[in-house]
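Here's the structure we're looking at; comments come further down.
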Amino acid sequence: SKLAALFKHPLYNIPIPKVTEKDKLFVVNPMEKFSLHSSRSDEWVSSSKAETLLPTGKTAYDTYPTWLKFHVGINRYELYPRQDPLMPTLLRDLATKRIVSSGTTSPPAPLPTPLPCCPLLTSLILMSLSVQKSGGTQLKLIMTFPDYGQALFKPMKQTRDQETPADFFYFSDFERHNAEIAAFHLDRILDFRRIPPVSGRLVNITKEIRDITTDKKLAKTFFISPAGNVCFYGECSYYCSTEHALCGKPDRLEGSMAALLPDKTLAKRRSWRSPWRRSYHKSKKAEWELNPNYCAQVRETPPYDRGHRLLNLIDMTVLDFLMGNMDRHHYETFEKFGNDTFLLHLDNGRGFGTHSRDEPSILAPLQQCCSIKKSTYLRLQLLATEPYRLSDLLREALAADPLAPVLAEPHLQALDRRLGKVLAVVGHCLAR
């Protein structure tokens with residue numbers, strides 16, 4: 001396994017700073033545990049109502065569902081650890097756990113009295129079940145499991161071998177479910193670990209969406225196509241109409257299932273407009289496209305005038321170039337950690353749309369600033385060598401996904417070509 005060898009390499013074992021209480025997203029009561037009612041109900045209860053004894057050698061943490069362990073493990077330096085023992089279980093949960101019923105279009109407020117251990121659980125306990133996610137230009141659904149874990153479902157809109165036409169503007173491109181899956185694994189191979197876990201899943205539209213939703217607006221959009229397939233289109237800003245309906249075969253539909261981050265009422269996130277945001281206009285150009293010295297003014301503007309924020313943004317730039325994502329207009333951080341933390345790499349569905357051409361403008365932050373983290377540069381060099389070739393690593397990582405093959409082979413080969421171009425840009429900077 002090239003992947004196992006990669007994660008054993010010294011460059012993938014650089015220790016993070018010691019994590020103190022203030023560096024954790026959530027500080028939980030180590031004595032508080034949770035268990036499911038022994039009845040047929042799937043309701044969670046706190047230890048005040050549960051049995052007080054645990055099996056020998058078990059701790060209260062062992063009673064948490066996997067999604068909750070993921071949430072309480074988030075800290076200032078990483079979304080999840082490099083050698084995360086939870087990851088196989090969490091990905092399996094996303095792919096196989098039962099999707100439960102009932103829901104509304106907007107989640108209600110958290111319970112008035114948080115449970116002692118985990119206030120985030122009290123919020124998620126009442127979150128909407130299998131409902132449409134509000135906002136966004138394309139259809140997404142929130143799926144909820146019996147243990148109150150939740151995932152964001154993005155359905156398949158096009159096949160793996162369809163390339164985005166050259167005449168398409170980046171802002172009118174489809175979001176691709178397989179791009180979300182591949183982006184998570186690529187982000188992990190680059191050792192950024194800033195994308196929440198994503199797994200592919202084959203969903204039954206009838207049993208796992210139509211029959212269990214209480215979202216009346218969503219329910220009205222289901223129909224049977226002339227070919228006898230179950231279809232729906234939901235509500236969104238664009239591409240939610242009969243002409244853009246999502247249809248099963250006859251009711252089976254592929255999609256990506258991304259683990260949700262803690263609710264924003266419990267872990268506030270701040271959204272930042274990217275300095276290298278595109279104009280989102282058919283003819284106008286953004287300032288960074290016209291001013292070759294644009295980076296100089298970015299360096300003088302908070303929060304890029306101190307800390308690692310600019311370098312973290314350049315990490316994100318490298319990720320986006322490798323997968324061909326031109327749609328990075330905003331990014332988010334956890335508000336609790338201020339400026340000294342990682343960037344969340346969310347919404348990657350417009351990656352991996354083309355393999356036959358590259359978009360050099362995505363690398364503008366790297367080209368204009370001529371800055372990159374030394375650790376990132378060394379890992380990129382490593383991934384360009386035969387024993388750790390990037391395309392081989394991603395191919396191996398994606399082979400374990402339920403929807404494998406996730407990417408068409410030309411997309412994997414394009415990664416090696418693009419990695420060479422990133423290294424060439426850094427080499428040019430070093431020469432200057």
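Cβ from N, Cα, C; glycine included.
Owing to the predicted nature of the structure, the values given are computational and were not obtained by experimental measurement.
What TrEMBL records for ASP327 is active site. For ASP327 (active site), the Cβ neighbour count at a 10 Å cut-off comes to 19, with all displayed protein chains included.
There are 19 other Cβ atoms within 10 Å of the Cβ belonging to GLN138 (ATP binding site). Look at TrEMBL and you will find GLN138, LYS154, GLU175, ALA258, ALA259, LEU260, LEU261, GLU332, ASP347 tagged as ATP binding site.
Remark: ASP347 (ATP binding site) has GLU175, ASP327 as non-local neighbours, by Cβ distance under 8 Å and separation of at least 6 in sequence. Taken from TrEMBL, the feature Mn(2+) binding site covers GLU175, ASP347.
Residues or ranges marked as domain 'FAM20 C-terminal' in TrEMBL: 222-431. Confidence for the domain 'FAM20 C-terminal' (222-431), expressed as mean pLDDT, is 94.
By a simple count of nearby Cβ atoms, those within 10 Å, the most crowded of the binding-site residues ALA259, LEU261 is ALA259. Note on GLU175 (ATP binding site): other Cβ atoms within 10 Å of its Cβ, all shown chains, come to 24.
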